[in-house]
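Asker: According to TrEMBL:
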type: COMPBIAS; residues: 187-198; note: compositional bias 'Basic residues'
type: COMPBIAS; residues: 205-238; note: compositional bias 'Basic and acidic residues'
type: COMPBIAS; residues: 239-251; note: compositional bias 'Basic residues'
type: COMPBIAS; residues: 252-275; note: compositional bias 'Basic and acidic residues'
type: DOMAIN; residues: 12-40; note: domain 'C3H1-type'
type: DOMAIN; residues: 44-146; note: domain 'RRM'
type: DOMAIN; residues: 148-175; note: domain 'C3H1-type'
type: REGION; residues: 187-275; note: region 'Disordered'
Amino acid sequence: MAEHLASIFGTEKDRVNCPFYFKIGACRHGDRCSRLHNRPTISPTLLLSNMYQRPDMITPGVDAQGQPIDPRKIQEHFEDFYEDIYEELGKFGEIECLNVCDNLADHMIGNVYVQFREEDQAAAALQALQGRFYSGRPIIADFSPVTDFREATCRQYEENNCNRGGYCNFMHVKMIGKDLRRKLFGRHRGYRRSRSRSRSLSPRNRKELDRRERDYRDRESRGNGRSKERHDRYDRDGGRRRHGSPRRSRSPVREGSVERRARIEQWNREREEKQ
């Protein structure tokens, strides 16, 4: 009996433990889930819930004022955030991988997963993050049960054919350019890219990745001097810079899940018609 229970632990056959919480560290039912969420007391992985606020979080490709956003600006915004998070959390130890979700469901939108090489490094980072803010918003961090991102990542999304869109219950991991990945992770030998299930990229994804790398190189050559601004986003009082006057960042009010799902379905239909 014990062997049987061990063999089905964390699977759909397990009627006691939640398989989604076990695989991705988040569940759409939250505390109302009928199955148990076994929260780890120690783990090499931290989950920073809903931390990344994308500029088009209300409607894909459109800002809070309803104006279209250049996809390059969206990627630039994301890579600035990614580098900022990596540099801050890298102070506590070697980072094995850093994944940011591109999902739209409330329990996954903007989730950041950071996996350290050692559990004590993750514990030190978690303690340091308590009571801290990023861009005026409190950081909500906790240990995550996710240690193998191959089981958490959506294979169809990696192949660019996930028909569930942003409301998929598996991770849609946002990609960074090769130059930024080499800059951040290349200093550590043996870095495993993101432990995704599929190591190869489709021709379409590879073309997109190459474009992002060129954009990143262009930004690096311009030397836009945003480094200090990124470090100033971290504060302890929720809105006051280390230097200068108080500043508070208000996140745009997001639509409900039903409205956003309808917008995404419309967006997908329009994209299919264009194709």
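Quick reminder: no glycine exception, Cβ is built from N, Cα and C everywhere.
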Asker: Please list the DSSP helix, strand and coil residue counts for the domain 'RRM' (44-146).
Answerer: 33 helix, 26 strand, 44 coil
Asker: Taking only the residues in the domain 'C3H1-type' (12-40), give me the average pLDDT of this model.
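Answerer: Per the prediction, mean pLDDT sits at 83 for the domain 'C3H1-type' (12-40).
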